[in-house]
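First comes the structure, then the notes that go with it.
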Amino acid sequence: MLWASMALSGSLPEPLSRSIFRKFVVMLCSLLMSLYVFYCLAERSQSLPGPIIGGSEEEEPGFLDLASMQSGKRKRLLQRMKEQRVRLIQRSPLSHLFPRIEVAYSLQEEPHELAEGDSTLTPLEDGSKKLPQAIIIGVKKGGTRALLEFLRVHPDIRAVGAEPHFFDRNYDKGLDWYRELMPRTLDGQITMEKTPSYFVTKEAPARISAMSKDAKLIVVVRDPVTRVISDYTQTLSKRPDIPSFESLTFKNRTTGLIDTSWSAIQIGIYAKHLENWLLDFPMGQILFVSGERLITDPAGELGRVQDFLGLKRIITDKHFYFNKTKGFPCLKKAEGSSKPHCLGKTKGRTHPTINPEVVQRLREFYRPFNMKFYQMTGHDFGWDS
Ligand SMILES: Nc1ncnc2c1ncn2[C@@H]1O[C@H](COP(=O)(O)OS(=O)(=O)O)[C@@H](OP(=O)(O)O)[C@H]1O
């Protein structure tokens, strides 16, 4: 720095040639700028949303802690960090060299941008926040994250990344709170969210209907037997000391009586939950997506969803590739990125081996409910063939 200031003030010591010294100053400045940009990027990545707390889903990095993101504390913290960085830039002797960085920060760090739960950076004043017109309401472990991530590729869809849990846990916070979580949309764009627990929440249909009678509802359904095993696998990964799958499944192992008080069993009785939704919504406003086909033919299922949402079929076969290591379809390019994107480690876990007799008993248990569900939806999902 001493050399630099001497050079800039014109008191260059001889015999060092001016041209060599100028190169040295340029190199030094570049190095300092790179270090500064690196520092800023590191700081920025730390301020990006962290994992959700208390959600049914173990989110991938980049999603939000909804419980705290609205708090004044978080906003004040962000504001302080922003001011601190602006002060740092202003104090820097090189500040006149990169005034644009300051502008970039003041755009990126707006609390509402973070509150979207969406790591994509959009200009602050583009569009407005709207209540969702379409919601993925279930089912837990059905493939809801895959569907939302795939849909986000569509330019006419903008979705909140985290699960808001508004119509079950956060209803008392009010619609303004809910709207504030949403990303900004332009006219013609659809705002979406996903919270799989809505499907089994008694109050959710009436609450969603009170918000909008026209809301479009999407349910990703999966074979209830693999769904319950997936649900158990998730719980086991968080709490390895839980009882065995078998002991949770049966009320009485000898008689083979299923324990229907276990919530993981209840979730798979789709026909019962659907009856509750039909009290507030006509069947035509609910789309059922096959969780199995979402894996074997993602473009096919996405085609149906785009039709249902009244959108041009933009997401097609070309957007997917099958990742052999992951064992699942992945996006060739994720939203706002040019890189391939697979879902994270919490999606597509290896399930524990379950005694085939237990699986068989569960199949028998679900069969009549599945039949009813096929009849109600007019579609055989193929879980019982
Ligand atoms: N493309 C792709 N990549 C990875 N995983 C995929 C994909 N498509 C569907 N799935 C299935 O999604 C299951 C998780 O479902 P959800 O996202 O609804 O789970 S959650 O309720 O939000 O926790 C998850 O369940 P598990 O396999 O039991 O982990 C996957 O089988």
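Glycine is treated like the rest: Cβ placed from N, Cα and C.
The 3'-phosphoadenylyl sulfate site recorded in TrEMBL comprises Lys141, Gly142, Gly143, Thr144, Arg145, Ser230, Lys347, Gly348, Arg349, Thr350, His351 together with one of Arg222, Arg239, namely Arg222. Site extent for 3'-phosphoadenylyl sulfate: among the recorded binding residues Lys141, Gly142, Gly143, Thr144, Arg145, Arg222, Ser230, Lys347, Gly348, Arg349, Thr350, His351, the largest C-alpha separation is 18 Å. In the shown protein chains, 24 other C-beta atoms lie within 10 A of the C-beta of Arg145 (3'-phosphoadenylyl sulfate binding site).
According to DSSP, Gly348 (3'-phosphoadenylyl sulfate binding site) sits in a coil region rather than a helix or strand.
Taking a C-beta cut-off of under 8 angstroms and a sequence separation of 6 or more, Cys330 (disulfide bond) has the following same-chain neighbours: Phe320, Tyr321, Phe322, Asn323, Pro340, His341, Cys342, Leu343.
Note: Lys141 (3'-phosphoadenylyl sulfate binding site) has non-local neighbours Pro196, Arg222, Arg227, Ser230, Asp231, Gln234, i.e. same-chain residues 6+ apart with C-beta under 8 A of its own C-beta.
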